[in-house]
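**Q** As listed in TrEMBL for this protein:
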DOMAIN    5-196  domain 'PNPLA'
MOTIF     36-40  motif 'GXSXG'
ACT_SITE  S38  active site, nucleophile
ACT_SITE  D183  active site, proton acceptor
Amino acid sequence: MIIDLVFSGGGIKAVAFIGVVQALEEKGIKVRRIAGTSAGALMGSLIAAGYTSSEINRMLPFMSHLIYKENSKKNWMPSWIRWIQLYWKKGLYSGDGLLEWLEQKLKEKGVYAFSDLPYGSLKMVASDLTSGKMIVLPDDAIYYDRDPQAMSVAEAVRMSASLPFFYEPVKLNKGKNAHIIVDGGVLSNFPIWMLEEYGGIEDVPIVGFQLQAASKKNQKKKIENVIELYSALFTTMKEAHDARHLEQISKKNVLIIPVPDLSPVDSTLTTNEMHALIQLGRAHTLQYLDKHILK
């Protein structure tokens with residue numbers, strides 16, 4: 001069986017997607033196209049390049065370090081200098097470590113640009129703050145005078161996963177034509193709409209895997225002060241577009257995986273806790289596949 005796959009963002013919680021891939025492999029399900037945001041785009045790029053769940057599992061120690069503790073020459077800086085840097089650089093960390101690590105991993109599978117993948121097999125969302133719009137990569141690279149198929153896959157993931165204030169934004173183009181690009185999750189954290197808009201095949205179901213904190217499922221937001229107002233505002237920005245679209249599609253096309261309420265940049269997870277997330281993703285996916293996809 002073949003499916004089209006969508007991964008939500010989620011930071012470190014996206015480790016659960018390794019369990020999703022395990023379940024798909026166990027059931028003999030192949031993936032035709034992948035769409036994702038942020039950490040979901042990162043995971044999607046590895047799968048599109050041909051990595052198996054066991055291969056990605058072995059990357060966990062490196063992913064945990066490189067993604068959430070920047071591996072760059074700036075690591076010698078005291079933390080207070082980093083906060084000054086935040087003002088000027090717009091991010092605590094450069095993101096170079098993530099970019100270089102992913103470039104190397106994709107290179108090992110012979111993937112550099114989108115042209116090295118089957119056409120249309122990988123798409124991801126990023127947010128253009130300069131133009132105030134959502135962009136789909138690689139397709140929208142053409143609006144920045146870039147060849148979509150020649151675009152670096154790792155560069156596109158770096159844009160999609162540019163968590164505001166944590167990573168420096170990506171500057172696309174230079175001078176007066178520069179555009180500031182940040183995390184796709186700012187505008188669409190679960191882009192299941194993307195594969196439908198870019199042409200689906202009736203016999204190939206689109207299946208979305210969304211990470212959601214178990215404690216926040218169907219929970220109304222408490223807004224009693226300015227901090228709670230900001231939190232609710234940012235959450236609404238991330239979720240409103242996707243939520244409206246989700247109301248219009250069949251619930252059997254979406255699996256919500258209840259995960260612990262962790263910070264996207266929580267680097268304190270132990271190996272056992274990460275493996276627990278993997279098993280959580282696997283168990284929920286196996287149950288979902290048997291009930292909705294393979295029946």
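Any Cβ shown, glycine's included, is placed from N, Cα and C.
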**Q** To the nearest whole angstrom, what is the C-alpha distance linking D183 (active site, proton acceptor) and S38 (active site, nucleophile)?
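**A** It is 6 Å, counting Cα to Cα.
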**Q** What kind of secondary structure is the residue listed as 'active site, proton acceptor' part of, going by DSSP in three states?
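**A** Where the residue listed as 'active site, proton acceptor' sits, the three-state DSSP reduction gives strand.
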**Q** I'd like the per-state residue tally for the motif 'GXSXG' (36-40) from DSSP, helix first, then strand, then coil.
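**A** Once the DSSP states are binned, the motif 'GXSXG' (36-40) shows 2 helix, 2 strand, 1 coil.
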**Q** For the motif 'GXSXG' (36-40), provide the mean pLDDT of the predicted model.
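**A** Over the motif 'GXSXG' (36-40), the predicted model scores a mean pLDDT of 95.
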**Q** Let me check the 10 A CB neighbour count of D183 (active site, proton acceptor). How many other CB atoms are there?
**A** 27
